[in-house]
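First the structure, in the form of structure tokens, and then the observations on it.
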Amino acid sequence: MSKNKLSKGQQRRVQANHQRRLRTDRKPELDDSQLGDAQEGIVISRFGQHADVEAADGVQHRCNIRRTIKSLVTGDRVVWRPGLQAQEGVRVKGIVEAVHERTSVLTRPDLYDGVKPIAANIDQIVIVSAILPELSLNIIDRYLVACETLDVEPLIVLNKIDLLDADGRKFVDGMMDIYRRIGYNVLEVSSQTREGMEAFEQALAGRISIFAGQSGVGKSSLLNALLPPTDNEILVNTVSDNSGLGQHTTTAARLYHFQHGGDVIDSPGVREFGLWHLAPEQITQGFVEFRDYLGHCKFRDCSHTNDPGCALREAVEQGKIAEERFDNYHRILESMEQAKPRKTSDSDEK
């Protein structure tokens, strides 16, 4: 038996302690008298073994995290205890005691660390794209698959439309119509001219959203345009002149409040959103327009490529499924196959 493996009795004690800490009405223990009463809070941001927790009165507190807490991310609802003033005049950090059950969690697979959670308790993923650094339908489709798998509503936002001339606008409208036709909500906005921003604010109201998308598409600029001027501005970098790719500006996921009542989590940008932790069947189901045709192929094990009698390919040829989406579906499956052997190889070496 591994010396790090907990016995059943130890596991029961850990679980019992966790449940006890979820009771906010309990009395502080004598051996931690420098901490106040337990109360509810929400994680605003996580920094290593510390987290910023917002109390019910809106005040944020830097807290340590109990070692028994296996996972803590921005958006988590927690039970925490504030630090009291020590005799030496040094402020004692608070401590996160327990985490409430999540309604949802957005995860990102990592080739070396496995599946990594990004944010919790979100009910809307704002997929931000732009004509610069690149209008990538592949990245949009990856996030849409994640939304469908998590059962979280997506909102596609195309930023920087002020950079488009009439022909460019017509081209972009055609690309976005691919998503409108299959039921997705799409907004075209500009954080510079504020075109479309009022509709964007309405879509954010009453929601806990997360901004997702490749670097350089203007996620931070959009947030700065939406946040009240009293809030600190989020760092904004331009697209790199050398690579043409966006430079990462957000270093840790952080939750912000809007005056209209919505909450937004700004997360580090990603250039590619991996989905290799999902089964191929989940990817297929993640394309909503495919669902009416699944089960109608000639062969039960149809790969939806060049197999005779493929219902999906016939739908593409008939214009019922966008060819761009069908191609991205196969690109996602191919990228999964390329990533999995690397992950397996890394695990074998350990």
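Don't overthink the numbers, they just go from 1 along the chain as shown.
Using N, Cα and C of the backbone, Cβ positions are placed for all residues, glycine too.
Annotation comment: Swiss-Prot describes 1-17 as compositional bias 'Polar residues'.
Swiss-Prot lists 1-35 with the feature region 'Disordered'.
The domain 'CP-type G' feature in Swiss-Prot is assigned to 103-273; the stated evidence is sequence analysis.
Classification of Lys219 (GTP binding site) by DSSP places it within a helix. If you draw a 10 Å sphere around the CB of Lys219 (GTP binding site), it holds 29 other CB atoms from the protein chains shown. The GTP binding site annotation in Swiss-Prot covers Asn159, Lys160, Ile161, Asp162, Gly213, Gln214, Ser215, Gly216, Val217, Gly218, Lys219, Ser220, Ser221, and the record cites sequence analysis as its basis.
By neighbour count, meaning other C-beta atoms within 10 Å, the densest spot among the binding-site residues Ile161, Val217 is Val217. Other C-beta atoms found within 10 angstroms of the C-beta of Ser221 (GTP binding site) number 22, with every protein chain shown included. Under the three-state DSSP scheme, Gly213 (GTP binding site) falls in the coil class. Over the domain 'CP-type G' (103-273) the predicted model carries a mean pLDDT of 83. Counting Cβ atoms from all protein chains shown, Gly213 (GTP binding site) has 28 others lying within 10 Å of its own Cβ. Within the set of binding-site residues (Asn159, Ser215), the lowest number of other Cβ atoms found within 10 Å of a Cβ is recorded at Ser215.
According to its DSSP assignment, Asn159 (GTP binding site) is in a strand.
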